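Working notes for the structure below.
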Amino acid sequence: MTMPFGSGAAAEVFKYSLFLVLCNRLTTCAVAIVMLVHDGKYSEIYPVAPIWTYFAVSLSNVIATTCQYEALKYVSFPVQTLGKCAKMLPVMIWGIVMLRKKYKAADWGLALVITSGCTVFLLTGDVKSKVSESLWHSSVYGLALMLGYLGFDGFTSTFQDKLFKGYNMTTYNQMLYTTLCSSILSMLGLFTSGQLPLAFSFVNRHPDALSSMMMLSLAATVGALFISYTIKTFGALVFATIMTTRQFLSILLSCILFAHPLSGGQWLGSTMVFGALYYQGFAKKDGKHGHGHGAKAEPPPKDTESGELVAQGEPLMAKQEEK
């Protein structure tokens, strides 16, 4: 989204975020089908939950991913990466609203420290992307996109958590139908916006862009495998926590490889964020507070565990071990 393809006057930046989402989701969908067929689990090819639930997860996922890619046009990669760490707070809020979860004071304290660290990072240094206009409203728009990403991404992971708890759904089944629905929604968006022919025209002018898209799609697919397994096994809050090391290394590599220097205040904000997340990881490991499923003070009543899913008459199935 920021590195130009071509040289000289012919150099241009790929601008069609939704096309990248489509490529990612088609690749993941194909891998899910291959894995199900390879394992001989043909019965899992059929949907377990109502189709509308897959579309609900897919819609928020497509919006979140599009916001994430679009934000890179207006804010730097370190800003976007650190912003992802703030997903703990929206995940907790969605967990309360959708799953009736209760969190301990220590979890709220950590969320506030992380959010404060992100705020310090944003207020103490340059945040704009190299390809954005040098105008304040460009950065504001980029930050608004990141807020949209956090809100929709928090809903996506929490609703996935809800789907897994309400149905005996395997990782590949969930991945197959959410990515299939995401592909349909992305294709509709590309058609209605007129971006599909423009994206194909760009690839035709710059064939080397195709290899970058394939690498991005494969990386996203591998990431989706880990994400789905983690959310099902440990819950959305733990998933938000274990991404810490990857985010930190991403910022370091970006500073080294792509010359994204950070100010002293931004390093302080980064230290606050990653320090809080690492503390959370070690504290939970030692059993000092909470547990992997969001530190609920008490389990919710069974008739509210799955919300609308139970109301539709579907059986509430306890979370089972992977077979």
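Backbone N, Cα and C atoms are what each Cβ position is placed from, and that goes for glycine too.
Automated prediction, rather than curation, is the source of TrEMBL annotations.
Residues or ranges marked as compositional bias 'Basic and acidic residues' in TrEMBL: 295-305.
The region 'Disordered' annotation in TrEMBL covers 286-323.
What TrEMBL records for 16-37 (among others) is transmembrane segment.
Annotated transmembrane segment per TrEMBL: 105-123 (among others), in sequence order.
Taken from TrEMBL, the feature transmembrane segment covers 135-155 (among others).
For the transmembrane segment (176-203), same-chain residues at least 6 beyond its ends with a Cβ under 8 Å from one of its own Cβ atoms are 5, 12, 14, 16, 18-19, 21-22, 25-26, 28-29, 32-33, 36, 45, 47, 51, 54-55, 57-59, 61-62, 160, 209-210, 213, 224. Per TrEMBL, the feature transmembrane segment maps to 176-203 (among others).
Sequence-distant contacts of the transmembrane segment (209-229) (same chain, six or more residues past either end, CB-CB distance under 8 Å): 5, 14, 20, 23-24, 26-28, 31, 157, 160, 171, 174-175, 179, 202-203, 239. Look at TrEMBL and you will find 209-229 (among others) tagged as transmembrane segment.
Among the features that TrEMBL reports, transmembrane segment is placed at 236-259 (among others).
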* To do: Six or more residues out from either end of the transmembrane segment (16-37), which same-chain residues have a Cβ under 8 Å from its Cβ atoms?
  => 1, 44-45, 62, 65-66, 69-70, 172-173, 175-176, 179-180, 182-183, 186-187, 189-190, 193, 195-196, 198-199, 202, 213-214, 216-218, 220-221, 224-225
